[in-house]
Amino acid sequence: MLHVRGLGLPGCLALAALASLVHSQHVFLAPQQALSLLQRVRRANSGFLEELRKGNLERECVEEQCSYEEAFEALESPQDTDVFWAKYTVCDSVRKPRETFMDCLEGRCAMDLGLNYHGNVSVTHTGIECQLWRSRYPHRPDINSTTHPGADLKENFCRNPDSSTSGPWCYTTDPTVRREECSIPVCGQEGRTTVKMTPRSRGSKENLSPPLGECLLERGRLYQGNLAVTTLGSPCLAWDSLPTKTLSKYQNFDPEVKLVQNFCRNPDRDEEGAWCFVAQQPGFEYCSLNYCDEAVGEENHDGDESIAGRTTDAEFHTFFDERTFGLGEADCGLRPLFEKKSLTDKTEKELLDSYIDGRIVEGWDAEKGIAPWQVMLFRKSPQELLCGASLISDRWVLTAAHCILYPPWDKNFTENDLLVRIGKHSRTRYERNVEKISMLEKIYIHPRYNWRENLDRDIALLKLKKPVPFSDYIHPVCLPDKQTVTSLLQAGYKGRVTGWGNLRETWTTNINEIQPSVLQVVNLPIVERPVCKASTRIRITDNMFCAGFKVNDTKRGDACEGDSGGPFVMKSPYNHRWYQMGIVSWGEGCDRNGKYGFYTHVFRLKRWMQKVIDQHR
């Protein structure tokens, strides 16, 4: 296989490709946009041509035919000569005209299998944007810069590192399509490409709100229509039927919402919208209606006005039924080794100060007991750390759905495949008399979890077989109410992420270089929603928020592989409790400039959690 190293990319084409993509929110590009990336840009002079001028190589090898020895005399390096000679021999058949020959040498077009191609096309022949070669989302590549160091696997540009007979290709950003070929111009054959461009027809993925007159406000709370079938096609049970009365006995329904026949309604102000009871487990399902976009939190207010100047009720109110939820909610978020002893951890003040001045802190080794709600989701066979998670009561654990079910990574775990380890500090060592190991009774994944597109509603509940006893190192975190979300989930305010994930993004085979020995902590600022949306071409929904450092920030930090499913928490300055605002969900690489970590918006899915938990009476 011929590997090409050290050749510059054509700058104009790079700018054209990136400019055409950066404003798009589509996974699938429009045909005109996709085809525009295939236009070749001519340059009067180039970095490669400058290299050729060294030692009259241009005259010897471009204007005339040269030998390997003549090229070596000019370049004076076996490695540089091998790189040049590999391209030179491939491109020898298109020496005329000179412009075509230079296109081939500089990798702006493909010859034969396209091993010479080093251009900036980053979309497949069907219009799917390419995945970054260094990223593991949505697909885990088996070809990367470590396995193929000479293949020039930069950004998400199409390449042919494995000598595919179809020519240059890439991993795609579509979770259902692992890899696909790209349409690359063929050298010396105007209008011909390595494979034909056949863009797919896909629906719009714009983040547009429906017109006000065509959508339901308040997530359908006042909906009075006659829809009586759920999104999954299940018939709704009548609200006055015996099974429904039993299921809703302890529900606190809004009296303004009229529960008529078996029509879909939203009597508990569920952020997911209207729903109804059904005959099968978990006993309820959601209905398909068109809701207006009404984001909760993440508004960018002045810190002094929103925190220091606001009178807020600091009294804590429980939300769940203790009979089904278990113990711990009344005392949640108060750490035994800190708040209960009137102590603070070493960066807590800076975290709280961010609500006013927005200072930034790097990651560090966690103090013991700093996150007593942290859970390790552990695979039984082979034994390995799978994900993070969080303890929300003595019976229930919260994690990301993709930790349980994600077909692109061959994940589809059952209760028998997993266990949870609670109270841990060390990543690998068994901590006798401190950690507790618990088996799972039941896994609940959100019925609208969307792994095929964007990991929307990336949330799962784990029911423990036995209640776990609390200790100095085992204690539940609080789940936020609307007031807490409105007060704290604002751009510039900082939350805390904990986990045993990789310390940095790398393809090294030496695991000890990148995996921490103990629990890690990092404080991250919440990012404005428009900035989040502009940072990616993956569709962002109201069930997500993003956090992380911007390009001009002096400090760094991010969640990384292995942190998934873990908590994003914030401390309330009113009642001094810790609330889980988010679940570590996904990101395009770790701590990359212009990229942020995305988190599941816990509050928006809290009513779903309540209804699932209430079935366990």
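Placed from the backbone N, Cα and C atoms, the Cβ positions cover glycine too.
Each of C236, C264, C332 is a candidate, yet Swiss-Prot gives the disulfide link of C287 to C264. Within the list N207, N412, the entry that Swiss-Prot describes as N-linked glycosylation site is N412. Of the listed cysteines C91, C104, C170, Swiss-Prot assigns the disulfide bond with C130 to C170.
Considering only the recorded positions C91, C170, C236, C387, N412, the residue whose Cα is spatially closest to the Cα of C66 (disulfide bond) is C91. For the pair E76 (4-carboxyglutamate) and E63 (4-carboxyglutamate), the C-alpha distance works out to 20 angstrom. C130 (disulfide bond) has C182 nearby among the recorded positions E70, N144, C182, counting only those with a Cα within 10 angstroms of its own Cα. Between C104 (disulfide bond) and E70 (4-carboxyglutamate), the C-alpha separation comes to 20 Å. Reduced to three states, the DSSP call for E70 (4-carboxyglutamate) is helix. In sequence order, C91, V94, T100, D103, C104, C109, A110, M111 make up the list of same-chain residues 6 or more apart from C187 (disulfide bond) whose Cβ falls under 8 Å from its Cβ.
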